[in-house]
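**Q** Residues or ranges marked as active site, N6-AMP-lysine intermediate by Swiss-Prot: LYS109. The NAD(+) binding site annotation in Swiss-Prot covers ASP34, ALA35, ASP36, PHE37, ASP38, SER82, LEU83, GLU107, ARG130, GLU170, LYS286, LYS310. The feature Zn(2+) binding site is assigned by Swiss-Prot to CYS404, CYS407, CYS423, CYS429. The annotation domain 'BRCT' is assigned in Swiss-Prot to 593-674 on the grounds of sequence analysis.
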Amino acid sequence: MSDAVDIQREWSELAQEVRKHRELYYNGEPSIPDADFDELFQRLLALEAEHPELQTPDSPTQQVGAAPEGAVDIEHLERLYSLDNVFSAEELQDWLDRTPAEAYLTELKIDGLSIDLVYRDGKLVTAATRGDGRVGEDITANARVIPDIPHELTGTDEYPVPSLVEVRGEVYMRPDEFEEINAARREDGKPTFANPRNAAAGGLRMKDPEDVKKRRLHMVCHGIGARERFQPTSQHDAYKALEAWGFPVSPYTQRVTTAKEVQERVTYWEEHRHDAYFEMDGLVIKVDDLASQRALGATSRAPRWAIAYKYPPEEVTTKLLNIEVGVGRTGRVTPFAIMEPVFVSGSTVSMATLHNQFEVKNKNVLIGDTIIIRKAGEIIPEVLGPVLDKRDGSETEWVFPENCPACGTKLAPQKEGDQDWRCPNTRSCPAQLAARLEYLASRKALDIGELGEKAAADLISSGVLEDEADLFDLDEQALLKSSVYTTQKGALNASGKKLLENLKTARQAEFWRVLVALSIRHVGPIAARALATRFGSMEVLRAASVEELADTDGVGTIIAESFKQWFEVDWHDNIVQKWTAAGVTMEEESSDKPAQTLEGITVVVTGTLENFTRDSAKEAIITRGGKASSSVSKKTNYVVVGENAGSKEQKARDLGLTILDEEGFTRLLETGEA
């Protein structure tokens, strides 16, 4: 295989990873620490710098974020850019040398969720998330219940209310309030939030504004977009105006005039990161003069007049008291550290992941060690290793258990060479079943609010459920055996009544959500949507071959094989049969499914379209039965070309492929013909 092919493959894999994790991040469900994402993104940037031909307009390095899923969209009046990052004093100095200015504004980089607010004649008319920078999710109703967001602006003689202003800010949760909310959720048996940012992101997307109030969200402004009858000359002048109109602005913002002062502010806040009343993960440096900002302009994803200095994940030491193991919904047995409570990255923690038994050995940690941990976005921090010179000889080696702590079954790797060991008692292991129940009740699946961690465990231990097959057969009589859903006098309580209502609603959930709820390995929301859209029903899906499943855009061989293998297990089949008999949705609503105009057709979209984001164009193709490809080849049927299309357009012309503009793309979607 040639070097060029290897490099192209490396770029494709990196780009796909960045897109996936960016989408999860902007939808409030990050699966890796921020530091790991930054490392992926920097690797992609470096690869494109070394091989400029790889950088195309649809590369993740040229885009701001991810369009939100499943929500009403609002187009921002002015584009909401992301920020480029630096990670060292040397990189920051390089930026300062390239971007000289009379003054800079330094402000803390709040670890929250960006929000875009539009006011006309002083009144709030819309609120949206960042989305992909051009289009965001409509969260107006939820924004109105955040106390820091004014419904109507107040003016002063110096700063009268403008006829139009677009305000940018960050929604966040205070660390102390985050701890209180997590404590209450633990008490109720509900899953705790990973960090304040996840809690804030989830809160902004809640269906009921009354529930949003309970999240105790805050907002602080960090910029302006479109405006009429308001022309500030500097960033700090704009902040004074925002404050005069009734907006909260950060008290930690400081105007400096030299590069040395900028570096001093970076050092100061790295040492005092917990002094702020919100979570922060860096310092943002902006050219203060707005005319200079306009002259410097922006790349396709970030302004040239601003940079974010990202601090490394915080590391602290604590005492390792014990090592225990947990069993997940797939049977994976994971050791975790029990530690003396320690404050790190905005919250107090007493547990940390150790991944698997081999990781414990490789990290050379002993029970009783003083250990180094870091927390970079996940709910359970990571153990980095021991402080060897703190050992006094009293430490003891940990031994991995031979049997499952939940059911006693002998543990084993799923296949030879696996580092992860599993409990093979998939159906009856109470830990696995409880985790599956909690997962199917999550927002990404059937959204059953009254079925949390504590309730799931109680349904199993009380004998109400043997497995998830009987979930939709639950009635009042069955729930009376449960302590979670009954009063002290033995009657059904409010949670029990609400659970039965939740189950009625869940029976009508969209088909793709049912597929997610089955806990088929590797089948998450994206693959489930693609399978549901293409095949339409459980009956057709089960009859499809591995090749047919794998050919579905967004699926592939690994997911296809996992899907087929799941149905080879008898009790899995029983779940589907019982859910079907209980009236659970097992096919797509015909009214929801567009005409399959693109069946068998491969389409590549490149460049910027006026009425489609990258993700919405891809979704439009997939939901009509087509394949949305990211690369041009002889197998491509159509190439849709927008502004700044780049090398893909030229390759399409070289191959003699049919090229469409946006109007032709719309016609193709409607009719299947160009």
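The backbone N, Cα and C atoms fix where each Cβ goes, and this holds for glycine too.
Here the structure is a predicted model, which means the values were calculated and not measured.
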**Q** Does DSSP put the residue listed as 'active site, N6-AMP-lysine intermediate' in a helix, in a strand, or in coil?
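**A** Once the DSSP labels are grouped into three classes, the residue listed as 'active site, N6-AMP-lysine intermediate' ends up as strand.
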**Q** Of all the binding-site residues given, LEU83, CYS423, which has the fewest Cβ neighbours within 10 Å once its own Cβ is left out?
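**A** Fewest other Cβ atoms within 10 Å, among the binding-site residues LEU83, CYS423, is found for LEU83.
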**Q** These are the recorded positions: LYS109, ARG130. Which one scores highest on other Cβ atoms within 10 Å?
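**A** In terms of Cβ crowding, the pick is ARG130.
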**Q** In DSSP terms, helix, strand or coil for CYS429 (Zn(2+) binding site)?
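**A** Going by the DSSP assignment, CYS429 (Zn(2+) binding site) belongs to neither helix nor strand, so it counts as coil.
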**Q** Just counting, how many other CB atoms are there within 10 A of the CB of CYS404 (Zn(2+) binding site)?
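**A** Total other Cβ atoms inside 10 Å, all chains included: 23.
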**Q** In the same chain, which residues outside the set CYS404, CYS407, CYS423, CYS429 have their CB within 8 A of the centroid of the CB atoms that define the Zn(2+) site?
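**A** Checked against the 8 Å cutoff, the neighbours are VAL327, GLY331, PRO405, ALA406, GLY408, THR409, PRO424, ASN425, SER428, PRO430, ALA431, GLN432.
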**Q** What residue among the binding-site residues CYS407, CYS429 has the most other CB atoms lying within 10 A of its CB?
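**A** Result for the most crowded candidate: CYS429.
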**Q** What are the DSSP helix/strand/coil residue counts across the domain 'BRCT' (593-674)?
**A** 27 helix, 17 strand, 38 coil
**Q** Across all chains shown, how many C-beta atoms besides its own are within 10 angstroms of the C-beta of LYS286 (NAD(+) binding site)?
**A** 26
**Q** What does the structure give for the C-alpha distance between CYS423 (Zn(2+) binding site) and LEU83 (NAD(+) binding site)? Integer Å is fine.
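**A** For CYS423 (Zn(2+) binding site) versus LEU83 (NAD(+) binding site), the Cα atoms are 45 Å apart.
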**Q** Rounded to an integer, what is the Cα-Cα distance in Å between CYS407 (Zn(2+) binding site) and LEU83 (NAD(+) binding site)?
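**A** LEU83 (NAD(+) binding site) has its Cα 49 Å from the Cα of CYS407 (Zn(2+) binding site).
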**Q** Going by DSSP, give the three-state secondary structure for ARG130 (NAD(+) binding site).
**A** coil
**Q** If you average pLDDT over the domain 'BRCT' (593-674), what do you get?
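**A** In the predicted model, the domain 'BRCT' (593-674) has a mean pLDDT of 84.
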**Q** Counting distance between Cα atoms, which of the binding-site residues LEU83, ARG130, LYS286 is nearest CYS429 (Zn(2+) binding site)?
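**A** Closest candidate to CYS429 (Zn(2+) binding site), judged by Cα separation, is ARG130.
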